[in-house]
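Below is one structure, written out as structure tokens, with a few remarks after it.
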Amino acid sequence: MTGDLAVNVSRETSERLASYAALLVKWNPAINLVSKSSLADLQTRHFADSAQLFALCPPGARHWADLGSGGGFPGLVIAILAAEHMPDLTVTLVESDARKAAFLSTVARETGIRAKVMAERIESLAPLAADVLSARALASLPQLLAFAERHLAPGGHALFPKGATHRSEVAESLADWRFDLREHPSKTDPLAVILEIEGVSRV
Ligand SMILES: C[S@@+](CC[C@H](N)C(=O)[O-])C[C@H]1O[C@@H](n2cnc3c(N)ncnc32)[C@H](O)[C@@H]1O
């Protein structure tokens, strides 16, 4: 599992990603980690889509937090890539569904990577002080900005993959929030972008 990941990976990392994919396929019928239709295209729809965020990690980041990790996208892919490329990066995965959180812990254990799984609701967490905050398919941008305000360390970056609605979500957010925005085109979906956001504050 090395094609189109936007990052060069060693054989060990490739084997970890393959083990993760095998566990996902095994657990998916019981706990619906990803849509059944996307299983046929796991590599692009989930692995490459997640790995492109790792390429945007600011150098020197120490703590990456992924909110609403579900089956581990992007957070678990980030943790596996970090084990090879950024071994000092701590990765926290927040997932309130206990069965999905158990899956995340199982993959971390079986692949031998470090990831801190928090089986809690985001709203009940103490501030995470993350250098990088990610969330895919979790909430609208105004809600994500509220999470970013609470959980990013000063100077931290949020990376939010968004689909075709991103322009209207940004416009809606500007009523209540100030932030610096860079838009990165998605490498896996021509209609999608990754919103890189810094300096979040309320209007
Ligand atoms: C649509 S899924 C997306 C999962 C994954 N990020 C992905 O893109 O494949 C959203 C996930 O967020 C979790 N979630 C939703 N609201 C949450 C909350 N308030 N706190 C923690 N997890 C939450 C859900 O249990 C679900 O697994």
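Positions of Cβ are set from backbone N, Cα and C atoms, glycine also.
Unlike curated entries, TrEMBL annotations are predicted automatically.
Of the residues proposed, ARG109, ARG114, ARG136, the one TrEMBL records at the same S-adenosyl-L-methionine site as GLY68, PHE73, ILE122, GLU123 is ARG136. The maximal spread of the S-adenosyl-L-methionine binding site, taken as the longest Cα to Cα distance among GLY68, PHE73, ILE122, GLU123, ARG136, is 20 Å. Annotation note: ILE122 (S-adenosyl-L-methionine binding site) sits in a helical segment as assigned by DSSP. Within the group of binding-site residues (PHE73, ILE122, GLU123, ARG136), the Cβ with the highest number of other Cβ atoms inside 10 Å belongs to PHE73. Sequence-distant contacts (6 or more apart, same chain, Cβ under 8 Å) of GLY68 (S-adenosyl-L-methionine binding site) comprise VAL94, GLU95, SER96, ILE122, ALA135, ARG136, ALA137, LEU138, ALA139.
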